[in-house]
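A.B. asks: As annotated in TrEMBL:
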- C:2-389: domain 'FMN hydroxy acid dehydrogenase' (DOMAIN)
- C:28, C:136, C:171, C:260, C:284, C:287: glyoxylate binding site (BINDING)
- C:81, C:82, C:83, C:110, C:134, C:162, C:282, C:315, C:316, C:317, C:318, C:319, C:338, C:339: FMN binding site (BINDING)
- C:284: active site, proton acceptor (ACT_SITE)
Ligand SMILES: Cc1cc2nc3c(=O)[nH]c(=O)nc-3n(C[C@H](O)[C@H](O)[C@H](O)COP(=O)(O)O)c2cc1C
Ligand SMILES: Cc1cc2nc3c(=O)[nH]c(=O)nc-3n(C[C@H](O)[C@H](O)[C@H](O)COP(=O)(O)O)c2cc1C
Ligand SMILES: Cc1cc2nc3c(=O)[nH]c(=O)nc-3n(C[C@H](O)[C@H](O)[C@H](O)COP(=O)(O)O)c2cc1C
Ligand SMILES: Cc1cc2nc3c(=O)[nH]c(=O)nc-3n(C[C@H](O)[C@H](O)[C@H](O)COP(=O)(O)O)c2cc1C
């Protein structure tokens with residue numbers, strides 16, 4: 001019966017993804033750090049902003065288009081970088097990029113994507129804009145330079161530089177599932193989970209090879225399997241990075257620079273001073289420090305402080321086109337979405353992501369229609385009726 | 001066992017309706033837009049107003065009667081327009097009108113009722129007042145004029161003009177159930193749901209024909225089945241309607257005009273300026289823009305702003321005679337109820353609706369008795385003990 | 001297994017009572033009016049008062065004794081009047097009175113108790129104080145006078161006069177269970193519930209006869225069975241009672257008069273003016289007007305207004321000795337408990353009620369010990385650490 | 001399947017402990033007083049403090065080390081005294097002490113530990129600091145003196161003196177389980193629970209003997225079995241203890257004195273005046289007076305009042321390294337943990353406790369890294385983003 005159902009919302013896609021992915025993969029995708037409070041808060045907080053309905057306004061010409069990082073978009077939304085997305089569907093990042101191109105929204109490729117820069121760029125339909133590229137600071141600055149060069153060559157012009165990962169967070173589900181363990185017991189646990197999802201094994205694990213980090217292939221010496229890649233990446237986290245490294249980065253990258261992973265007004269000001277074109281207000285989807293604020297909570301203050309100087313994007317817990325509308329009303333220029341597109345990808349491949357994006361665009365349009373706003377740029381606090389005290393205005 | 005139980009509250013009728021209706025129909029009736037937050041908030045918000053009990057007042061003569069839109073009513077309540085109500089019970093709108101007449105409360109016929117204006121008016125007992133008629137703005141203004149004329153001829157004198165439907169909302173349950181889809185898979189899904197409710201198929205689908213939009217029969221060229229009607233209606237939603245169209249409407253309709261679907265003080269003021277006799281503070285039962293405020297939240301401010309100039313009615317989440325009392329205490333002149341009467345209709349037909357209305361009248365009487373108020377007109381903020389901060393006073 | 005468990009809290013006694021009583025009886029006892037919000041709020045609200053622990057105070061001599069209505073009590077608690085309590089255990093009121101006498105707390109006999117005044121008074125051990133007697137105003141003032149005389153003769157000196165019952169509340173569970181219906185279907189439903197509890201049928205229904213309203217026997221002409229009595233009582237509710245009737249009552253009753261069922265400061269002031277010795281702040285355990293405030297919420301303001309002039313008792317949702325302590329800290333002189341004693345009675349008879357009272361006394365003593373208070377009269381706001389905003393201080 | 005899982009959080013260890021311990025023991029460990037509101041509040045309250053993430057700070061040298069009661073610790077945490085811990089694993093306190101020594105955190109031995117002072121001290125690896133010793137005031141002051149002497153001889157230099165136990169709290173689970181009852185029914189209940197955990201019976205009850213209170217052996221005349229010991233202890237609770245007894249104690253104990261079980265600013269000031277080196281803000285893990293505030297709630301005010309004069313530790317509901325970080329940010333110098341280490345001990349023995357401590361240290365390190373703080377002493381209110389109104393700042 002449930003197989004017959006038609007997924008309508010992000011949560012529906014999530015339910016279907018859960019049925020298709022081996023448990024440790026689903027948990028890797030779905031989970032957050034610690035007790036997953038920030039993860040839950042992210043989702044819940046958007047709902048604290050109540051919309052203000054207006055009637056009898058001429059809304060026959062509502063337009064959801066906008067520009068993000070200088071690029072025309074059908075709606076103010078980009079797909080967030082998600083590591084290992086290519087484990088969720090066969091050559092997953094390539095499928096997602098095609099869906100994003102079709103829907104006219106930017107796609108961001110993670111440093112640790114399965115498909116590499118070249119594979120993803122090659123997947124883009126003719127004339128489609130190139131993906132954005134996400135990078136972490138690596139201890140090996142030479143590798144950083146090489147990756148920037150590789151991205152530029154592939155055509156990328158927007159760099160999403162993630163700053164909230166001096167160390168990886170405590171993802172407790174990965175510990176529980178044995179994903180973070182070595183040894184026979186953990187292997188047995190993983191194997192039993194794989195056996196329960198033969199469809200995935202056949203479709204993704206076997207026919208979707210190779211499962212390594214595509215963009216890092218030239219950096220990881222002798223890297224053949226995923227474990228070698230992971231070991232390399234783990235050794236590359238660099239907790240000594242400071243704003244001076246951003247200055248250095250600025251000299252290395254000619255394109256647009258978005259700093260991703262800020263939650264504090266002071267840090268946002270520093271980003272503006274460092275010459276970034278934009279920031280992504282983000283807590284890494286609740287995957288880093290559990291216990292920090294929901295992004296919706298801190299967005300208004302940050303947007304007020306630096307919204308005039310740089311492009312303020314936000315991610316975390318956006319689960320519908322209506323949430324997207326709320327983010328704009330609270331001051332964002334656009335949103336990134338992480339888990340939702342990967343759920344849709346895991347459950348429905350490229351077509352799934354397209355359906356999701358189409359539904360959200362329709363929801364955004366509806367929210368504009370019923371609040372009486374016809375252009376994205378006009379969405380603001382006037383379209384909110386009440387903002388609970390949790391969101392600091 | 002449960003079949004033996006006696007329904008006492010609206011929720012009891014709902015449970016019984018769920019057992020009788022095919023799932024896609026029940027979901028159509030029960031559901032709201034998006035994540036159904038506004039739907040839930042509507043119901044929950046009334047409870048935020050705490051009643052003030054008084055004792056040792058002479059309450060031997062408590063009177064629940066009042067006038068709504070110039071019509072004598074046994075209690076300040078009208079049945080809200082609900083499209084397709086005739087799918088819930090055999091010739092459903094006719095049954096409901098009889099129940100409403102018996103209980104001496106107004107019945108509102110939806111534009112998209114299964115029974116047409118003539119059938120419903122004919123069902124009224126001799127001497128009973130005619131139903132109220134609800135209309136959406138249609139692109140085809142000629143059709144609008146024809147429907148107004150048809151309503152007037154049938155005897156209707158109160159027009160409920162719905163303004164919160166420039167586009168239909170995103171009812172996610174309809175997507176999930178395949179009701180919003182074409183194709184074999186959706187048809188199969190619907191068929192399996194029908195098979196599970198043979199009683200309904202026999203009683204309503206077969207013996208209750210024709211299942212088309214009665215009042216629109218003369219407008220829809222060659223309309224034979226429901227799908228043709230739906231297609232016509234979908235093409236008629238008009239998002240370009242503005243207050244000027246209300247001015248035009250005012251010239252077309254000699255009877256009373258109630259604008260339904262306002263949530264904002266400014267819009268309420270505009271309604272007064274446009275010469276409406278009344279408004280219905282409504283978010284369409286949470287079926288249009290999910291995320292807007294509960295109606296109880298915005299009612300007091302609107303009542304204060306325009307209550308002196310026009311009749312302020314309210315609907316959404318009213319689930320008992322006590323909620324009705326709360327609505328009056330918060331400033332409404334009366335309430336409309338949507339789902340509750342249709343649940344009772346689906347589960348118990350005309351008799352069910354009568355029982356529901358009798359129970360609510362008794363509850364209203366009890367609330368008046370225990371707050372020490374003997375006349376409907378005397379119910380006001382004095383009868384509230386505390387209003388949580390969620391309701392803006 | 002669960003049969004082996006030892007009941008520790010009121011909730012444990014409740015669970016056991018549920019297993020022993022026919023469902024309609026348990027629901028009659030357990031339920032409240034409407035959606036049972038006030039019932040739930042009563043219970044929940046006490047917890048909003050946070051206790052203030054103090055250490056290293058000499059608490060070797062903590063004394064829980066006090067006086068209520070001029071009577072020495074081992075702790076500031078009385079058993080509330082509960083109609084039909086004698087249906088819950090064989091000759092239930094007589095058993096409960098013995099338990100109360102043993103524990104040295106007052107027992108209140110309801111107007112509609114199964115055991116009459118004489119039976120209950122006869123059950124008291126030698127030297128034990130007589131019960132308190134509860135009365136509603138009846139249309140037949142002669143009957144009122146006769147009952148007062150009967151109570152006085154039986155030795156009662158404290159009259160609990162209930163003023164929140166101009167009409168009986170809407171107890172929806174009774175409707176659902178068919179208890180409020182006549183006819184074959186309702187009878188069948190009741191019978192099936194009786195069949196599920198043969199122990200109760202044998203012990204209470206057969207061996208516990210007669211099941212009529214003992215104190216009313218001389219008033220109800222030809223009353224043989226419970227239905228005749230109920231019909232008489234239903235016809236006697238008098239919604240025309242006002243403060244003038246209290247003046248009249250005052251002239252008829254030489255003993256102490258407690259008015260039960262007040263929730264409002266103004267009414268409390270009127271009670272003081274009318275010459276009552278005390279009041280019971282009560283919403284009838286959430287059984288009358290659902291939606292009124294929890295008693296803990298309104299208690300502080302009432303105690304402040306009239307606590308100097310008369311004895312302020314409170315009931316509703318008190319579920320432990322700690323709640324009792326909270327009630328005192330919020331201004332009450334003592335509490336009444338309703339459902340808890342009847343649950344213990346239904347599950348464990350006289351011994352059950354004794355155990356419950358002993359446990360609560362120990363809890364009160366512990367609360368005094370850990371807040372560093374040695375005498376009941378010293379309990380006050382100083383012993384509270386924080387009172388949530390829900391309770392209006 | 002679940003047996004294959006890897007415990008990641010304190011809650012995971014709890015789940016495993018539940019599967020290993022006889023129910024009455026698990027309930028003794030897990031439960032609290034009354035309705036367990038304070039127990040739940042303890043856990044929940046820490047989450048009310050939202051952390052403030054900062055980025056691009058050099059966090060390559062984060063150090064979690066600190067000093068507690070003059071002792072070097074790898075992180076600001078000590079194992080709280082837990083009576084009967086040796087019932088949870090074979091010679092449990094000895095195992096826990098070894099784990100604590102390995103992790104470089106203090107271990108506190110309860111007055112009513114199964115392993116005595118000598119056994120525990122002997123278990124410490126060479127060079128490891130001795131445990132802290134916890135004591136209650138006993139009626140027999142000679143026994144107090146003897147225990148202090150015994151502790152000093154064994155090498156203990158820090159005394160944790162518990163002041164919130166003038167009487168034992170009402171642990172309702174113990175009543176329900178029959179643990180607090182004598183007689184055949186209770187014995188049967190306990191036996192059935194033992195039969196369900198044969199592993200525990202073999203490993204702990206049989207091979208872990210003797211199960212008596214090790215440190216009290218010389219005090220309890222002729223004490224052979226646990227019941228004799230319990231009877232002795234129960235007779236020793238002394239509710240007459242006051243601050244003068246603390247003065248006396250101060251003269252008897254040359255080492256450091258920590259008073260454990262304070263919740264009030266005034267009491268904290270008195271502790272400073274009495275010459276204690278530190279206090280533990282504690283409500284005994286919600287096991288004494290249910291209804292008092294969560295410790296996180298009262299901590300800030302106490303730390304502000306006396307933090308400059310003595311070492312303010314806190315316990316209750318700390319469930320992760322992130323909670324530990326929060327406690328420091330709210331003003332504590334360090335935390336004690338009770339149930340978490342015993343859950344890990346019950347489920348995994350010494351290795352379990354080590355794993356738990358290692359995971360928490362990593363979490364603390366991560367919280368410091370992502371809030372941009374490198375030294376424990378620098379953690380303060382600046383690292384909090386928002387503190388809900390429940391926590392009084
Ligand atoms: C499975 C997963 C992997 C992620 N990998 C990356 C990554 O490689 N780089 C990055 O900057 N952010 C990564 N993120 C964070 C996302 O870019 C984004 O900030 C977050 O998912 C937004 O929250 P949402 O999932 O609630 O929409 C990842 C998130 C998830 C869920
Ligand atoms: C199934 C359904 C169909 C509805 N159809 C109409 C309609 O045709 N026209 C209209 O103005 N409102 C319509 N409404 C909205 C109701 O008139 C009313 O505003 C709403 O149901 C009130 O909320 P309640 O259901 O919580 O009482 C519909 C509501 C439901 C539930
Ligand atoms: C089953 C039941 C019957 C009651 N009957 C009476 C009654 O006959 N007279 C009266 O004054 N109050 C009556 N009450 C109300 C109680 O006296 C008391 O106010 C209430 O039970 C207190 O709330 P509690 O049950 O939460 O303790 C009744 C309550 C219950 C639950
Ligand atoms: C099973 C158990 C036994 C305890 N025994 C003692 C004890 O003997 N002495 C003492 O001072 N505290 C005792 N405590 C309280 C703990 O020292 C500590 O204050 C409390 O457990 C902290 O709360 P937490 O369990 O939420 O971490 C005990 C706690 C538990 C759970």
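Glycine is no exception: its Cβ is also placed from the backbone N, Cα and C atoms.
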A.B. asks: Could you measure between residue C:316 (FMN binding site) and residue C:284 (glyoxylate binding site) for me? Cα positions, answer in whole angstrom.
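C.D. replies: About 7 Å separates the two Cα atoms.
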A.B. asks: Are there binding-site residues among C:28, C:136, C:284, C:287 that sit within 10 Å of residue C:338 (FMN binding site), Cα to Cα? If so, list them; otherwise say none.
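C.D. replies: Near residue C:338 (FMN binding site) by Cα: C:284.
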A.B. asks: Check the binding-site residues C:136, C:171, C:284 for any whose Cβ is under 6 angstroms from an atom of ligand 3, and report them in sequence order.
C.D. replies: C:284
A.B. asks: For residue C:83 (FMN binding site), what is the tally of other C-beta atoms lying within 10 angstroms of its C-beta?
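C.D. replies: Excluding its own Cβ, residue C:83 (FMN binding site) sees 17 Cβ atoms within 10 Å.
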A.B. asks: Within 10 Å of each Cβ, count the other Cβ atoms, then let me know which of the binding-site residues C:28, C:136 comes out lowest.
C.D. replies: C:28
A.B. asks: Does DSSP give residue C:282 (FMN binding site) helix, strand or coil?
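C.D. replies: Assignment for residue C:282 (FMN binding site) reads coil.
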A.B. asks: For the FMN binding site, please report the maximum Cα-Cα distance among C:81, C:82, C:83, C:110, C:134, C:162, C:282, C:315, C:316, C:317, C:318, C:319, C:338, C:339 in Å.
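C.D. replies: So the binding residues stretch over 22 Å, Cα to Cα.
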A.B. asks: Which residues of the same chain, at least 6 positions away in sequence, have a Cβ lying under 8 Å from the Cβ of residue C:171 (glyoxylate binding site)?
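C.D. replies: Sequence-distant Cβ neighbours: C:28, C:31, C:32, C:33, C:180, C:287.
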A.B. asks: Determine, using Cα-Cα distances only, which of these binding-site residues is closest to residue C:318 (FMN binding site): C:136, C:260, C:284.
C.D. replies: C:284
A.B. asks: Can you work out the mean pLDDT of the predicted model over the domain 'FMN hydroxy acid dehydrogenase' (C:2-389)?
C.D. replies: 95
A.B. asks: 10 Å Cβ neighbour count around residue C:282 (FMN binding site)?
C.D. replies: 27
A.B. asks: Out of C:81, C:316, C:338, which of the binding-site residues is least crowded by other Cβ atoms within 10 Å?
C.D. replies: C:338
A.B. asks: Are there residues of the same chain, six or more positions away from residue C:284 (glyoxylate binding site), whose CB falls under 8 angstroms from its CB, and which are they?
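C.D. replies: Spatial neighbours, sequence-distant, of residue C:284 (glyoxylate binding site): C:162, C:164, C:165, C:169, C:261.
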A.B. asks: Does anything in the same chain, at least 6 positions from residue C:134 (FMN binding site), have a Cβ under 8 Å from its Cβ, and if so what?
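C.D. replies: The answer is C:81, C:108, C:109, C:110, C:111, C:159, C:160, C:161, C:162, C:260.
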A.B. asks: Rounded to a whole angstrom, what is the C-alpha distance between residue C:282 (FMN binding site) and residue C:136 (glyoxylate binding site)?
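C.D. replies: Per the Cα atoms, residue C:282 (FMN binding site) and residue C:136 (glyoxylate binding site) stand 15 Å apart.
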